[in-house]
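Heads up, the thing below is written out as structure tokens.
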Amino acid sequence: MPDQDTKAKSTEKTADKQQGTTTRDYSDLKRLRCLLNVQSSKQQLPAINFDSAQNNMTKSEPTIRTGGHRARGQWHESTEAVELENFSINYKNERNFSKHPQHQLFQEIFTALVRNRLICREWVNRAPSIHFLRVLICLRLLMRDPCYQEILHKLGGIEDLAQYMEIVANEYLGYAEEQHCVDKLVNMTYIFQKLAAVKDQREWVTASGAHKTLVSLLGARDTTVLLGALLALASLAESSECREKISELNVVENLLMILHEYDLLSKRLTAELLRLLCAEPQIKEQVKLYEGIPILLSLLHSDHLKLLWSVIWILVQVCEDPETSVEIRIWGGIKQLLHILQGDRNFVSDRSSIGSLSSANAAGRIQQLHLSEDLSPGEIEENTVSLQAACCAALTELALNDTNAHQVVQENGVYTIAKLILPNKQSNAAQTNLLQCYAFRTLRFLFSMERNRPLFKRLFPTDLFETFIDIGHYVRDIGAYKDLVSQLNLLLEDELKQIAENIESINQKKAPLKYIGDYAVLDHLGSGAFGCVYKVRKRSGQNLLAMKEVNLHNPAFGKDKKDRDSSVKNIVSELTIIKEQLYHPNVVRYYKTFLENDRLYIVMELIEGAPLGEHFNSLKEKHHHFSEERLWKIFIQLCLALRYLHKEKRIVHRDLTPNNIMLGDKDKVTVTDFGLAKQKQESSKLTSMVGTILYSCPEVLKSEPYGEKADVWAAGCILYQMATLSPPFCSTNMLSLATKIVEAVYEPVPEGIYSEKVTDTIRRCLTPDAEARPDIVEVSSMISDVMMKYLDRLSTSQLALERKLERERRRTQRYFMEANRNAVTCHHELALLSQETFEKASLSSSSSGAASLKSELSESAELPGEGCHIPCGKEEDRVCEEVLSEDNFQLESVEKDLYSELDDELDVSDNCSSSSSSPLKESTFSILKRSFSASGRERHSQARDFIAGLGSRPRPGPQMSTFVVESASAGIAVSQRKVRQICDPIQQILIQLHKVIYITQLPPALHHDLKRRVIERFKKSLFSQQSNPCNLKSEIKKLSQGSPEPIELNFLTSDYHSLRHSRAANNWSPSDPTGSPSSFEVEEGVTYEQMQTVIEEVLEESGYYNFTTKR
């Protein structure tokens, strides 16, 4: 049995080897323990040659980077350092040290590492950098075991570790880092992440102040350090107490920068951290302040599920603020969320967690991770369902704003969301049910808006619809929708199929419902007393329009066919007049009227928005009310529309109600529904009984003649309803209602909410006597002070927009001219170069001065690249200067600028300590030759003699003597007394640029510093992709000169306006002694002079001038 004998021997050898290894490991651990227990004062450093132990000293820990290369291959390491290195190699994969056979030894080693090394100041101060790094690595490995994390706390090591991390971080962020600085920070951030992963231990971290250092490391330049800080902060932010402390620091600005500019992994971790922090109100406010909404919405184009999930939950939290909710809609966030819900995108994801990423980062394996792993279909489905639930949550919060809710419906959102309520038996039941709850909640919020309710009546069967209604308006609790989901899932297959068909019926992207004339009917928008309104599109066009269908059999048009035909004729005639005459921003445009099948169709402008009546109902259900500013904004626009109709067009609307007043974006008012409008002659009265009785004036109810003041009465009713959310005259008994209207009896507006001007205006408009009731001009005069404030804001906004448009126009023109000039210059250079060569060759063969020209020709031939490239640089500067100063481009002006620039360059060269080099001489010489070649040879030779007479040293060469003689014959004598020292303009520009860059390289501040942020944004605009060297020179030059010209606003954000307001009580600049910028100035932005002032203030605060004077 030779094989069995061989196997037995092999087994014995293996057992002996394992036994030997265990014994050796035990011996190594004991030796390390003994070394660590040696007091720092008795420790001997160094002891062994590093090269001899290099084979045993690892490269398996990639985190140990050779920050400084070994000096000539010789470097001595202490015995302890070698043992620590061996320890990190042998136990790099061990995680449960407390269950290891040598647990006691490990615990003693850990205790010694903390007591005798980490918290021993004497040892820390004298230990080599690589030695302390190895101590940190061993601590990191041991602290994978939770038992050792508690021991570290008991020994008081957390505070010392936090202090050391702060010291290293300050050196690192101050660009004075020592060896292994990055590796130390990576290991320490890992340790704090492990501590923060346990809920009860997070308080230890914040008590040590480590969270402040972690926040400052968000400005780190190395990815591993940044990721370590993000991972540790994300673990800390799981606790509400820690979140509160982190939110007190300047964290949002750096997080938004990472989300905007960094790699996918950094963005993913940052989004997760920001999601956790957004539970704090001040974090949400900072996201708004630092204009984070566009950055967050730009990330919705990503295909990574985890990144998208985190970003959407950030949006859910920040859109609780009404202004942020509106901003999300303006930036197209609603469309993007609905696009994600449609499910026609291919997503990717991965299985990594905070813990696994932290371990990979500390071990140097972070770059090897795949952030787009091939997940199973089940995992992808699970992540996608979570993402869809997040989208529904975001749309729910956005739907609290009526305009947002209307856009969701307009973008086919009800159909997209309703599809998610259908059961999906292939997915995880718990997750599918949760998604159904989120979808039902979004639909219920949309249903709360009255105009959307007819849509939902078509969706659900009666029993399910009753449960849907009983939940109530705007109920956020997701648990309230579980019974509704259970009831839906218990329906029979046929009933579910019917619901699915109902959902398909509300799809706005299906084929048109029908065609009326040349118009395709796309959707039913609403119904009124005289007909319906549809959204339509012309067969041959793309523009959306509104079409009102009026049923001519309505009794209001007459009792018999003859009366109806007469009424229709008059209405069509009046509408034709209106169509041709009305051009006002607050009055709807009419395009066409036609008859078809006993129905009158009126084609008009489609107003995006909701009727004022729906806003009343929505605010009442939310228990909110109009602010007085918003109330006046709407009423003033209504007055402007009525003044235009009454006084300029002599048109009485006759049916002015909240449902005929559309509110668009930013509460823009549009008066609609002129189907009952009547154009009257001067001083004539109308007698027909039309309109809505709730808003009808007394003279209409008494069948007396009436005029334009009937609309004033209706306007007063609408103003009253804006203040109380209820009409002034309301009763179920028609006789009682008519009596109240005739006598003008209504409940007074509650006191304390609005000013007396509101109640006075209502009282005057609701005067029962038509003769005593004011017309619309008199009403406007009553609120003249309010209208003047409104007009002032409009004028300010218009002026700011006009100036911004003018700056954009000039900048576009400047860039266009520069691009064309550069193209022309390039072609001109090539043409002149060939012409010069030809002229020189011709002159050298025919002129008596051949020797001199030969020397020049051979000199330029020595460096062909230099002779071509450098003049182009000078020419570029000349072109840029012309473009930026917006001079004309005539030849004389160009030569004048060229002489001026040449004088500056020559002055600079004379002021230098050494003589000008030949490239400068050749550059200016070549420019002169090109510039004067078009003006004549005489001028060319004069300029050449002038250059030579300045004493510029020629390039050494065989023809040098000829050129020197020529130079000497054309010299210029200048008295020494008249020579003055000049200031180098380039040096002044560099000094200013140095100041800007110095400020942006200061260590990040823990608290908000708006001045530094403004300077940082200014620096980014200087070096952005849209900038160029010419623009950089011009901007810095204006800054150094303190130009009063405003800086282009492409880099300023709302935080700068906060800075302006915070400084309103102080002097801003020498030219602004009041120091109180108006709102107009804030809109205009900052001048170079003001930016210079801010820069100098920050330099003073940072001690810049103290350092420079000592230097």
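Cβ coordinates are placed from backbone N, Cα and C, and glycine is handled just like the others.
Looking at the stretches 447-480, 481-514, 957-990, 991-1024, the one that Swiss-Prot records under the feature coiled coil is 481-514.
Among the ranges 47-72, 73-98, 541-566, the one that Swiss-Prot lists as region 'Disordered' is 47-72.
If you average pLDDT over the domain 'Protein kinase' (519-791) in this model, you get 84. Ranked by how many other Cβ atoms sit within 10 Å of their Cβ, the binding-site residues Leu525, Ser527, Gly531, Val533 place Ser527 at the bottom. Neighbour count (other Cβ atoms within 10 Å of the Cβ, all protein chains): 23 for Asp655 (active site, proton acceptor).
Here the C-alpha separation of Gly531 (ATP binding site) and Asp655 (active site, proton acceptor) works out to 14 Å. In this structure, the CA atom of Leu525 (ATP binding site) is 19 Å away from the CA atom of Asp655 (active site, proton acceptor). In this structure, the C-alpha atom of Ser527 (ATP binding site) lies 15 angstrom from that of Asp655 (active site, proton acceptor).
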